[in-house]
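K.L.:
Okay, handing you the structure first.
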Amino acid sequence: MAEEEGPTVELRQRKKPKSSENKESAKEEKINDTPIPERAPKYVLFQRFAKIFIGCLAALTSGMMYSLYLSAYHERKFWFSNRQELEREITFQGDSAIYYSYYKDMLKAPSFERGVYELTHNNKTVSLKTINAVQQMSLYPELITSILYHATGSNEIMEPVYFYVSIVLGLQGIYVIALFVTSWLMSGTWLAGMLTVAWFIINRVDTTRIEYSIPLRENWALPYFACQVAALTGYLKSKLNTSVQRFCYVLINVSTYTFMMMWEYSHYLLFLQAISLFLLDIFSLEQNDKVYEVYKIYILSLFVGYLLQFENPALLVSPLLSLVAALMLAKCLQLNVKKGTCVAKIMKVINFYLVCTLTVTLNIIMKMFVPHRENGHMLKFLEVKFGLNMTKNFTMNWLLCQESLQAPSQDFFLRLTQSSLLPFYILVLVICFLSMMQVIFRRINGKSLKETVTLEDGRIGERPEIIYHVIHTILLGSLAMVIEGLKYIWIPYMCMLAAFGVCSPELWMTLFKWLRLRTVHPVLLALILSMAVPTIIGLSLWKEFFPRLMTELTELQEFYDPDTVELMTWIKRQAPVAAVFAGSPQLMGAIKLCTGWMVTSLPLYNDDDLLKRNENIYQIYSKRSAEDIYKILTSYKANYLIVEDAICNEVGTMRGCRVKDLLDIANGHVVCEEGDKLTYSKYGRFCHEVKINYSPYVNYFTRVYWNRSYFVYKINTVISFQS
C-alpha cells in the first residue's frame with residue numbers, strides 16, 4: 001500500500017509546483033512592473049516630494065498673486081477706497097446691482113432665518129409681484145457670504161462691500177489654481193501650470209468678466225467647475241492610487257453640488273460634460289465603472305439642487321437628467337455582453353442610437369408632465385439665431401443684438417493669435433485628436449490597448465483624461481463660435497490644453513512617431529522640446545505683456561458718474577418711501593441697490609413675466625401716445641418715470657439695434673423698407689415729446705427733477721385735461 005501511494009503523492013507534488021509556478025511568475029511580473037527602483041528609494045521619494053512641493057507652492061502663489069492683481073486693478077479702476085458708499089454701489093451695473101442689493105438686505109435682516117424668509121417671499125422689489133428671489137436669481141452665494149461676514153467677525157473689521165468683493169476675487173484665485181493643477185496632472189510638470197496661468201491672465205479680456213461685473217453668477221460658479229474638472233482629470237487617470245482616487249471622487253461630489261447651486265445654467269454645462277464622458281465610454285477608452293460613478297454624481301446633484309432650489313422644475317426638464325437616465329437604462333441592457341466580441345461591437349452602435357433616442361424621448365415626456373416656464377425664451381432665441389424662425393418681437397431682437405450673444409468678431413481671433421495661444425492650441429488639439437482617432441480605429445479592428453503606455457510608444461490618444469478634454473473643448477469651442485459669450489467658459493480650458501501640450505514630452509513623441517524621425521533620438525528631442533518651447537513662450541510673453549500688466553496697475557482710472565449719484569441722492573431725499581419707479585431695467589437695478597425703493601422691472605431674463613414688463617416699460621422710448629404710456633405705467637402702479645437721455649438719443653454702432661429701432665420694428669412704426677409694409681406712427685417719440693411740456697403730455701406727467709442724463713416725471717393720479 002505504501003509503495004502504491006508513493007507515486008501518487010509524487011504526482012500530486014509535481015502538479016503543485018506547476019500551479020504555483022504561474023502564481024510566482026505573475027508575482028514576478030508585478031514586481032518587475034513596479035516603477036520604484038530598489039537602489040535608491042529614499043532619493044526617488046525625496047525627488048517626488050520636492051516636485052510636488054514646488055508645484056503646489058507655484059500653484060498657490062499663482063492663485064494668490066492673481067487675486068491680489070485683480071484687487072489692485074479693481075482699486076485703480078474705480079478708486080474704490082476713496083469713494084462714498086453710494087458711489088461704490090453705482091459701480092455694480094445691471095443685474096450685478098440686484099445680486100448685491102440682496103446681500104445688503106440679508107445683512108440688514110434681524111436674523112438669518114428672517115432674511116431668508118423675506119427673500120423667498122419678496123414683495124418689496126417688483127411692484128404687484130411676489131417673487132422667490134433665492135430660486136429665481138440663484139442667491140446662494142449671497143446667503144453664504146452674509147453668514148461668513150457675521151461668523152468670521154468681519155463686520156467689526158471691514159465694510160460689507162469689501163468683504164463681498166474680496167470673496168469673489170479670492171474665488172478667482174481658486175479658479176487659477178484649479179486650471180494650474182489640471183494642466184499639471186495632464187502633462188506631469190508644473191511648468192504647464194505656470195504657462196496656463198500666464199495665458200489666462202494675458203487673455204483676461206476673453207477669459208473672465210470679473211473686472212466688469214463682479215457679482216455675476218458665473219464669477220461665483222466657474223471656480224467650482226474648474227475644481228470639478230481638475231478632480232475629474234485625476235479620477236480618469238488609468239494608474240491612480242486608491243486613496244488619491246477616493247479623494248478625487250469626493251472632490252467631484254462636493255464641487256458638482258456647489259456648482260449646481262451657484263448658477264442657474266450650470267446643468268447645461270454639466271450636460272456638455274456628460275456628453276464628453278459618454279463619447280469617452282462609447283469608444284471603450286475608459287472603464288465603464290468610473291464613468292458611471294460620475295453619472296451617479298450628476299443624478300445626486302440634480303436631486304439635491306431640486307430640493308434646495310425649492311423644487312425647481314427647470315432641473316427636472318433639464319437635458320442632463322434625461323441623458324443620464326438614458327445612459328443608466330442603456331447600461332442595464334449590456335451587462336451580460338462579453339467585451340471584444342462581434343456582438344459587443346454591434347451593441348456599441350445600438351447603445352449610441354438607444355441613448356440618443358431615449359434622451360430625447362425622456363426629455364419630451366418630462367416636459368409634458370412637469371409644468372415649467374423657466375428659460376423658455378432660450379429656445380425661441382436659438383430658433384431665431386439659427387434662422388429657423390423669424391420674429392419682430394422686441395425681446396428676441398434685443399437679445400440678438402447683444403454683443404455677447406453674437407458670433408465672435410475678427411478682433412477676438414486676432415487677440416488670441418497675438419498672445420500665441422491660438423496657434424499652439426490648434427497644434428495640440430490636432431495632434432491629440434488624430435491620436436484619439438488612431439485609438440478608435442484600433443479598437444474597431446479588435447486591437448486591445450496597451451496596459452502600460454511608455455513615452456517611446458508615442459500614443460497620447462490612449463490616455464482617457466486627455467481624450468475627455470479634447471472632446472469637451474471641441475464641444476465648448478463649437479458653441480463659442482456661435483455665441484461669443486461662451487468664450488469665458490472655453491478660453492480658460494483652451495489655455496490649459498495648449499499649455500499641457502507644449503509641456504508634454506508624450507505629445508511631441510506622438511508627433512515624431514508620425515514623422516518617423518530618425519536623425520535625432522526622438523525621446524531625447526521630445527524631452528528637450530517639452531522644456532525649451534514653454535520656456536521660449538514664457539520669455540516672449542513676459543517681454544511683451546508684463547509691462548502692459550504693470551502699466552494697468554499704475555494708471556488711475558477714476559470712475560466718475562455724477563449724474564447717477566445726483567439722481568440717487570434726489571430719490572433718497574425727495575421721493576416717498578412707498579414710491580414705485582419705472583424706467584430701463586438696468587437703471588432699475590441701480591435704484592433698487594442704492595435707494596431700496598420699489599421698481600416696476602428688473603434686468604433679469606429668465607422669467608417671462610419680467611421680460612414682458614421690460615418690453616412694456618421700454619415703450620417710453622417708442623412712438624406711442626401719452627395715454628398709452630400712462631395706461632402701461634399705471635397698470636404696474638408706477639409713481640415716477642425716469643427717461644434716460646442716453647437711450648432716447650442713442651446713436652448705435654450696429655444698424656437697427658438701438659432700443660428705439662427695435663421698438664419701432666415691433667410696433668410697426670418704421671419707414672417702408674426692403675419690402676416691409678410698415679407705416680409711420682401719427683405720434684412722436686414719447687421720450688422727446690414729454691420733455692416739451694405741452695398737452696396732452698403735461699396732463700399725465702409732471703417733471704419734478706432733471707439733470708444732463710435723467711428726466712424724472714411724476715405720474716399724475718388726477719388728470720386735468722388742458723386745451
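Glycine too: its Cβ is placed from the backbone N, Cα and C atoms.
Just so you know, TrEMBL annotations never went through curation; they're auto-generated.
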K.L.:
Would you please say which range out of 214-231, 466-483 has the annotation transmembrane segment in TrEMBL?
P.N.:
466-483
K.L.:
Residues sitting near the transmembrane segment (523-542): Cβ under 8 Å, six or more positions beyond its termini, same chain?
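P.N.:
Contacts with the transmembrane segment (523-542): 187, 189, 191-192, 194-195, 198-199, 202, 419-420, 424, 455-456, 499, 502-509, 512, 517.
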K.L.:
Are there residues at least six beyond either end of the transmembrane segment (489-511) with Cβ under 8 Å to its Cβ atoms? List them, or say none.
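P.N.:
Non-local partners: 175, 179, 182-183, 186-189, 191-193, 195-196, 199-200, 203, 206-208, 218, 222, 226, 229, 269, 416, 421, 424-425, 427-429, 431-432, 435, 455-461, 463, 469-470, 472-473, 476-477, 479-480, 522-523, 525-527, 529-530, 533-534, 537.
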K.L.:
For the transmembrane segment (52-73) against the transmembrane segment (184-202), do we get 3 or more Cβ-Cβ pairs below 8 Å once near-sequence pairs (under 6 apart) are dropped?
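P.N.:
Yes, the stretches contact each other.
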K.L.:
Sequence-remote contacts (6 or more beyond its ends) of the transmembrane segment (466-483), Cβ cut-off under 8 Å?
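P.N.:
Distant Cβ neighbours of the transmembrane segment (466-483) are 186, 232-233, 236, 272-273, 275-277, 279-280, 285-286, 385, 404-408, 429, 432-433, 436, 439, 460, 489-491, 493-494, 496-497.
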K.L.:
Residues of the same chain, at least six outside the transmembrane segment (316-337), with any C-beta under 8 angstroms of its C-beta?
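P.N.:
Answer is 267-268, 270-271, 274-275, 278, 288, 292, 295, 298-299, 302, 306, 343-344, 347, 351, 354-356, 358-360, 362-363, 366-367, 370, 372.
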